[in-house]
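Database features (Swiss-Prot):
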DOMAIN    133-340  domain 'ATP-grasp'
BINDING   162-211  ATP binding site
BINDING   Asp284, Glu296  Mg(2+) 1 binding site
BINDING   Glu296, Asn298  Mg(2+) 2 binding site
Amino acid sequence: MNLAVIFGGASYEHEISIVSAISLKKILPALEHFIFVDGNRDFYWIPASEMRSKHFADGIYKKNPKLFLRPGGFYAKGLWGEKRVPFDTALNLIHGGDGEDGKLASLLEFFRIPFIGPRIEASVMSFNKHLTKLYAKERGVKTLPYLLARKNEKREFGNEFPLIVKPLRLGSSIGVSIAKNRQELDYALDVAFEFDEAALLEPFMQGIKEYNLAGCKINGEYHFSIIEEPQKKEFLDFDKKYLDFSRTQKLLKADLSEASERLLKEAFIKLYDDSFEGSLIRCDFFVQNQEVFLNEINPIPGSLANYLFEDFPKILQSLAHNLPKERGIKIDYRYIHQIQKAKGK
């Protein structure tokens, strides 16, 4: 498959994206083209042979060709003119801001570059935890009750604990804390506000089952991963969730009844359908007393959750060949001519 992996970004999850891209290269050794977005949002063409963490941490990437966008692709300037990066489809692998919030999707759609990843509306909705709650409700998928806290507003949250506190627009469990009393809540909010102007508070459900399910729709048919039950102490913190995702070995399937598995897949379809076409996403669910609750939609999971799939390369290739088509618009200026004639100009 002729893909170009776009990774990095001006994001708190910048380094996670680098690790994700390096891990994906191990799974798909045929990948040749990588496009790195640094903290200044400059694009660099990175050959597969230079995909090492040191290359980015030490700033060596700045010696690579800098890229710019034109309709249809990424280009580098050379001695004999411009050279296009030779790929058919881009793969959005930027976690957090720039990749999951719709910025990169906007650029790729504007320049008519085919890509795997969430489209603009799906990105904006899934990146904001409050919008995700509203979307899930509209789709008939339950979520836990919640409160919103804003940085400069007075805080009145009652006395029901424990609570889990999350920055409103951030992933990878960065800035997430559990508060068991008012003092811990104040501290947790201060931590969350280091990363965002708003935070989402939910009841922390001790002992609730959590399951992760990844998938995509190709030619009208859903392709699901195995269902994972993450191993955790209290909650999936940054170290457990993302320093561990670079693993490449396959996981054992969660011990679930057929009925529970069906409920999870039905909820996934409700969330994916007519919103996430062209992307491979992972939905994280809670299950309690045979009730399914959405925890979060991860529109660009770490290393695209390859470790959850039996035949990840085949699924990715099929997805690349069955992307949503943009509706063409014909511009012929006939209305301008009519208006000018009516005005006598």
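Residue positions begin at 1 at the first shown residue.
Cβ atoms are placed via backbone N, Cα and C, with glycine included.
Of all the binding-site residues given, namely Phe204, Tyr211, the one with the smallest number of surrounding CB atoms inside 10 A is Phe204. Asp284 (Mg(2+) 1 binding site) and Arg169 (ATP binding site) are 16 Å apart (CA-CA, integer value). A C-beta separation below 8 Å, combined with a sequence spacing of at least six in one chain, links Asp284 (Mg(2+) 1 binding site) to Glu210, Tyr211, Asn212, Leu294, Asn295, Glu296, Ile297, Asn298. By the criterion of other Cβ atoms within 10 Å of the residue's own Cβ, the least surrounded of the binding-site residues Gln183, Glu296 is Gln183. DSSP classifies Asp284 (Mg(2+) 1 binding site) as strand under the three-state reduction.
Less than 8 angstroms from the CB of Pro162 (ATP binding site) sit Ile178, Ala179, Lys180, Pro203, Phe204, Gln206, each of them six or more residues away in the same chain.
Cβ neighbour count for Glu197 (ATP binding site): 12 (other Cβ atoms within 10 Å of its Cβ, all protein chains included). Over the domain 'ATP-grasp' (133-340) the predicted model carries a mean pLDDT of 90. Non-local contacts of Asp190 (ATP binding site) by the CB criterion (under 8 A, 6+ apart in sequence, same chain) are absent. Counting every protein chain shown, 19 other Cβ atoms lie within 10 Å of the Cβ of Asn298 (Mg(2+) 2 binding site).
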